[in-house]
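Before any comments, here is the structure.
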């Protein structure tokens, strides 16, 4: 108990220190940040409508706005890290409506918060193992198969984001998120029922064992009873809970991590280079096209290993460990990755809102689905943060403060929910949190989008399709 109290004290102390440092930095740097932002670099493709961009950065002062925003951000980061969706659907409206940032700055700071939450969540998950298998809780092969396609899809989606009118994007967001959240809720109910059946089977097995005094009684914790061992050697074959903390370095697959880092660096370099060429010029399309061989090359390397049996998507369970994927299955995975990225780039959301429910439909356990989705989101969000920073899209003190809030909130959320799952023996809680986050994001983002549409209609502003070459 003493160690846990010390850990909580360190968490609270870190959050308080981050608050003090951020406010202190704001006092000395707020004016210079605002002055520098006024002469910001030209907006990147997919972030503007061809007009001059003038940001709105409110002064950083301790008041009800920043306190309320911090509480909402803390709740959103805690739940978003558990569900594997980041929390952008809560961060963006909070930053725009409560703190007072303009929409583009709100999106940029939201990416900083998502990055902070995903980094802390990944570090937390690196200490955990798969709930039923002897492997890390993060499925590196699944991430390597889908992450390059996801980032390629994001680049395509950003182009459509420039072209499509705001009303169409809002309608698509509401329809897609309502459908996704409903599907996730149904999946959660289905998983809850399966868990209930397993808990009853375990209770009956333990009751039978207790009624036989000549046999050694082996009590199986309900929360880890995904498979009930039977037979004379049941006690010897039963594995200890795989949720125990292990070495971080042992849970990192460096080869796969290096390939993902290569994709990250390549896409980041191409995205930065695009900001210094004219839109629709020859070099613009050349730089866009170079993303295709990078994504396809890394994906085909992983796909070849999965089709030849050198690699396996073992996170789905022991039945799939000895099987290889067919070309049709690999193609479906890649298409889903591109589609998830395209939708994320089009709607301005992280891929976690699509990848989380997708992984669940593919049969990935909720813990692994959340951890893997957050792992992939760490790369995409950090790439966006670097690009936004180079374009002066956010004030550093504000971004540093809210990133620290999300960092701490993610750890607290993971710790509390893991304890709750271990106590109740229901991993379906992760699915319900995921579905709830998507539904709440539908209400907040949909409400903000509808409000903007009404304002444009009252002002008789143009609401048609835009030209990509207008910027």
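Placement of Cβ uses the backbone N, Cα and C atoms for every residue, glycine included.
These come from TrEMBL:
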type     : residues : note
SIGNAL   : 1-28     : signal peptide
TRANSMEM : 64-96    : transmembrane segment
TRANSMEM : 150-178  : transmembrane segment
TRANSMEM : 257-276  : transmembrane segment
TRANSMEM : 282-301  : transmembrane segment
TRANSMEM : 330-359  : transmembrane segment
TRANSMEM : 371-391  : transmembrane segment
TRANSMEM : 398-417  : transmembrane segment
TRANSMEM : 429-454  : transmembrane segment
Same-chain residues at least 6 beyond the ends of the transmembrane segment (257-276) whose Cβ lies under 8 Å from its Cβ atoms: 41-42, 44-45, 140, 143-144, 147-148, 151, 155, 284, 287-288, 290-291, 294-295, 298, 301-302, 379, 382-383, 386-387, 390-391
Tertiary contacts of the transmembrane segment (371-391) (same chain, 6+ residues out, Cβ under 8 Å): 40-41, 43-44, 81, 84-86, 108, 111-112, 114-115, 118-119, 121-122, 125, 128, 137-139, 142-143, 146-147, 150-151, 154, 260-261, 263-264, 267-268, 271-272, 275, 315, 350-352, 355-356, 359, 364
Interface-richest range of 150-178, 282-301, 398-417, 429-454 toward the transmembrane segment (330-359), CB pairs under 8 Å: 150-178
Best-contacting stretch, by C-beta pairs under 8 Å, relative to the transmembrane segment (429-454) and drawn from 64-96, 150-178, 398-417: 64-96
Winner by Cβ pairs under 8 Å against the transmembrane segment (150-178), considering only 64-96, 282-301, 398-417: 282-301
